[in-house]
Each structure stands twice: as C-alpha cells, then as structure tokens.
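Chemist: Here it is, the structure in full.
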Amino acid sequence: MATGWFETVAEAQRRAKKRLPGSVYSALLAGSERGVTYEDNLKAFAELGFAPHVAGLSGERSLSTTVMGIDISFPVLISPTGVQAVHPEGEVAVARAAANRGIIMGLSSFASKPVEDVVAANPNTFYQMYWMGTRDVMLQRLERAKAAGAKGIIATLDWSFSNGRDWGSPWIPERLTLMAAMRFAPQAIVKPSWLWSFAKTGRVPDLTTPNLTLPGQQPPTFFGAYGEWMQTPLPTWEDVAWLREQWDGPFMLKGVSRLDDAKRAVDAGVTAISVSNHGGNNLDSTPAAIRMLPGIADAVGGQIDVLLDGGIRRGGDVAKALALGAKAVMIGRAYLWGLAANGQAGVENVLDILRGGLDSAVLGLGRSSVQELRPEDLWVPEGFTRELGKIPTAPKPRSPRPAVTRDPSKPKEKVAGGSA
Ligand SMILES: Cc1cc2nc3c(=O)[nH]c(=O)nc-3n(C[C@H](O)[C@H](O)[C@H](O)COP(=O)(O)O)c2cc1C
C-alpha cells in the first residue's frame with residue numbers, strides 16, 4: 001500500500017487537520033455565518049436512501065461521460081478553489097492528479113499557480129472567473145487563458161461578500177513578510193511536516209494571484225485582488241451574455257440556485273450551469289445544492305449540461321446527484337483535504353475513492369452505466385427538494401363560493417389560522 005494512503009475523504013480531512021496550521025485548516029473549512037448551508041450540503045446527501053437490487057446485476061459498468069463536449073473517465077470535475085498555496089505544488093499537483101484520472105481541472109482566478117503551468121499539467125483545464133475589473137481587463141484575462149490553452153470558462157457569480165463565521169475566521173497575512181511569518185510561526189512550528197514540505201522547496205507559501213496580473217505589473221496579493229473585485233460594479237444578465245460571447249468554447253455559469261436564474265442562464269447562451277451555493281461559503285441559509293437540483297435539472301437539463309457542487313464526499317453522493325438529474329458533479333473540499341494530506345497522491349487517492357464508491361452504487365442499483373441512474377434508484381424523503389424562483393403560473397379563475405347557511409344547532413367551525 002502506498003505511503004499516506006487513506007480509505008475515506010473523512011480520513012483525509014482528519015489528516016489535513018493534523019498536518020496543517022490551524023488558520024490554514026480553517027481557511028479550507030471555510031463556511032459562513034451560522035454554517036447552516038455548509039451543514040445542509042452534507043446532511044441532505046445522508047437523507048437520500050438507495051434502493052439496491054440483489055441479483056441480475058451488471059458485471060460490466062461504464063462510468064465515463066461527456067461534459068460540455070469533453071470526454072471524461074467518470075463524472076467528477078475539480079471545482080475551482082482559491083487557497084491551494086496550502087501545498088508547495090498547489091494547483092499543479094491537483095491538475096496532474098486530475099489528468100492522471102482522466103477528468104477536468106477547474107482553476108480559480110485566485111489560484112497560486114499560473115494558468116500556463118496548470119494547462120501544461122492538464123490540457124482539460126477550465127479557467128474560472130469572477131466578475132471583476134473592467135471589461136477590457138476581463139478580456140485580457142480571457143485572452144491569456146485562451147493563449148495558455150484552457151478549454152473552457154467557469155463564471156462564478158454567487159458571491160455576496162458576506163463575512164464572519166460563528167466559529168471565527170482565520171488570520172491570513174496579506175504577504176508572508178517577516179512580521180507576518182513571526183505572527184504565523186506559533187501555529188506553523190507545531191506542524192513540522194507541513195513546514196518541511198515548503199522548506200524542501202526553499203519557498204514560502206505564495207499568497208499572490210498570478211492569473212490576475214496585468215501586463216507589466218507584479219501579481220496582486222490575494223487581498224489586493226479581492227479589493228478589485230469588491231469595487232467592480234455588479235453584473236447584469238446582459239453582462240453575463242456579453243462575457244459568454246467573448247469565449248468561443250464551453251462556458252459554465254457556476255452558483256445557480258433558482259429556476260428563474262437557470263432559465264436566464266440558458267437565454268444568455270451558457271453551455272452548462274452548476275447548481276451550487278459555493279460550498280456554503282456564500283449566503284448562509286441557502287438550501288443544500290442537492291435539494292435544489294431536481295427542479296433545475298427538470299427545467300433546463302434538456303437544453304444545457306446541469307452539474308452540481310456542494311457536499312460531495314463519497315462516490316455514493318455522486319450517484320445520488322446523477323440519479324436526481326446532474327450530468328456530473330464538481331468537488332471542492334474533498335480534493336483539498338487530499339492535497340493537504342498527501343499532495344498529488346492524496347488528490348488521486350480522493351478521486352479513486354469517489355470512483356470506487358460510484359462504481360459500487362451503479363453495481364448495487366443494477367445499472368450498467370452512469371447514464372442509466374434514475375430517481376427510482378433512490379428513496380427521497382417527502383419534502384426533500386427546494387424549488388427556488390419558480391415562475392408562477394397564471395392563477396386559475398376562482399369560482400364563486402357557494403353560500404353557506406349555518407345550522408344554528410351545530411357549534412361554529414374553526415378556520416385554520418383564524419380566531420374562533
Ligand atoms: C477554501 C475554498 C475556496 C474556494 N474558492 C473558490 C474560487 O476561488 N472560485 C470558485 O468558483 N469557487 C470557490 N470555492 C467553491 C468551490 O468551487 C465549490 O463550489 C465548493 O467547494 C463545493 O462544495 P464542497 O467543498 O462541499 O465540495 C471555494 C471553496 C472553498 C472551500
């Protein structure tokens with residue numbers, strides 16, 4: 001067995017917690033406000049049951065699929081995340097792992113590694129953008145991604161700059177200066193293996209965002225870039241359609257939670273959406289992504305690829321999302337725990353866990369491919385789903401009430417909600 005191998009994502013998370021300085025672990029755990037959405041993303045998957053068969057199962061199963069025109073070996077994509085400086089090789093290690101397992105790499109614009117290096121590690125890289133900077137600046141970033149060879153764009157728009165968590169936000173330095181390093185040292189010193197992984201490379205964790213560099217300038221720091229983003233006027237649906245028109249290739253809108261928005265995304269010409277609440281990091285109390293998926297997949301799944309992200313920790317979760325209408329899922333923390341626990345091998349380990357668990361589910365459910373998974377394969381508790389932004393149908397004309405003549409010998413009936 002390879003060194004550092006783990007059997008579940010939960011175990012990878014335990015190892016990550018042990019290995020990383022407290023503030024770094026807490027930055028990956030993230031979440032917002034009360035953590036209702038973060039919790040619900042996980043809890044909702046546990047509420048769904050499987051309906052397995054015992055005989056007549058398929059000896060051969062196909063897990064491969066095509067997402068946004070790209071063939072992948074199983075229906076999981078790397079969701080873009082911005083803090084991979086937790087490992088010296090960061091996004092490059094994740095991209096290599098994804099390439100080795102035949103899947104798509106999503107690269108955050110807040111990444112610690114340049115898009116050119118990441119595409120070299122995985123040609124099936126999608127570059128993620130927020131709506132930040134002027135249109136000219138956005139065009140420059142798109143052109144750079146195109147020149148690097150990125151296959152597609154992920155536009156993430158579900159961010160409302162809410163901050164504060166009941167369990168506290170970590171302190172992250174603007175730059176790893178001497179002063180910052182001294183303040184950070186007490187946490188880092190008790191995590192020798194994490195420190196050693198950087199010491200071997202002779203570099204400190206990189207807190208800049210090289211993909212947001214403008215020609216002739218130094219890469220902005222994470223917080224400098226965040227400031228640019230906060231000051232950018234918020235996008236309209238016309239802006240979304242404009243951005244989509246600038247990219248000649250697959251284009252995903254990530255962060256959709258409402259039916260009306262899903263339909264507007266189709267009108268804006270996107271190739272795919274991801275039903276998502278940003279892993280519970282955005283507006284707390286948004287329902288779990290899996291609860292919002294069935295309605296959205298029903299409404300627009302025939303026109304574009306519908307993906308889901310939020311709460312995927314095992315292969316069975318992938319099967320559940322597919323059965324409820326997702327074409328594929330994206331993962332965030334699951335691979336971050338793998339990366340923190342054991343670098344590239346840890347990410348591959350996580351992908352193998354998800355693939356193995358998905359295969360078991362397809363087997364047990366008596367299916368021979370991921371495309372065959374259906375809602376009947378699950379037990380879905382009553383009231384499980386949430387349909388947000390349903391476009392109201394025209395109200396039916398009300399028929400006049402029949403006149404009621406009360407028999408004075410009977411007691412007066414109670415009306416729900418009224419006072420007797
Ligand atoms: C630490 C962290 C950083 C993230 N950074 C980004 C980002 O830069 N861009 C983005 O589109 N989503 C970002 N996300 C959201 C993920 O892409 C994804 O939506 C989320 O992690 C899915 O939930 P899961 O972690 O439960 O799988 C981030 C998530 C986490 C946990």
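Each residue, glycine too, has its Cβ placed from N, Cα and C.
Automatic prediction, not curation, is the source of TrEMBL annotations.
For 1-383, the entry in TrEMBL reads domain 'FMN hydroxy acid dehydrogenase'. The annotation FMN binding site is assigned in TrEMBL to 80-82, Ser108, Gln128, Tyr130, Thr156, Lys254, Ser276, 309-313, 332-333. Per TrEMBL, glyoxylate binding site is recorded for Arg165, His278. The active site, proton acceptor annotation in TrEMBL covers His278. Positions annotated as region 'Disordered' by TrEMBL: 384-420. The compositional bias 'Basic and acidic residues' annotation in TrEMBL covers 407-420.
Help me picture these features in the structure, burial and contacts included.
Modeler: In this structure, Gln128 (FMN binding site) is part of a beta strand by DSSP.
Taking all protein chains in view, 26 other C-beta atoms sit within 10 angstroms of the C-beta of His278 (glyoxylate binding site).
In the three-state DSSP assignment, the secondary structure recorded for His278 (glyoxylate binding site) is helix.
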Chemist: Using Cβ atoms only, which residues of the same chain lie under 8 Å from Gly310 (FMN binding site) while being at least 6 residues apart in sequence?
Modeler: Asn41, Ser276, Asn277, His278, Gly279, Gly280, Ala288, Ala289, Ile290, Gly332
Chemist: So if I measure Cβ to Cβ from Gln128 (FMN binding site) and keep only same-chain residues at least 6 apart in sequence, which ones fall under 8 Å?
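Modeler: Looking at Cβ-Cβ distances below 8 Å from Gln128 (FMN binding site), excluding near sequence neighbours, one finds Pro80, Gly106, Leu107, Ser108, Ser109, Ile153, Ile154, Ala155, Thr156, Lys254.
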Chemist: Using a 10 Å cut-off, grab the number of neighbouring Cβ atoms around the Cβ of Ile312 (FMN binding site), all chains included.
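Modeler: Total other Cβ atoms inside 10 Å, all chains included: 28.
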Chemist: Among the binding-site residues listed here (Thr156, Ser276), identify the one with the smallest other-Cβ count within 10 Å.
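Modeler: Minimum Cβ neighbour count within 10 Å, taken over the binding-site residues Thr156, Ser276, occurs at Thr156.
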Chemist: How many other Cβ atoms are found within 10 Å of the Cβ atom of Pro80 (FMN binding site), counting all protein chains shown?
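Modeler: Other Cβ atoms found within 10 Å: 25.
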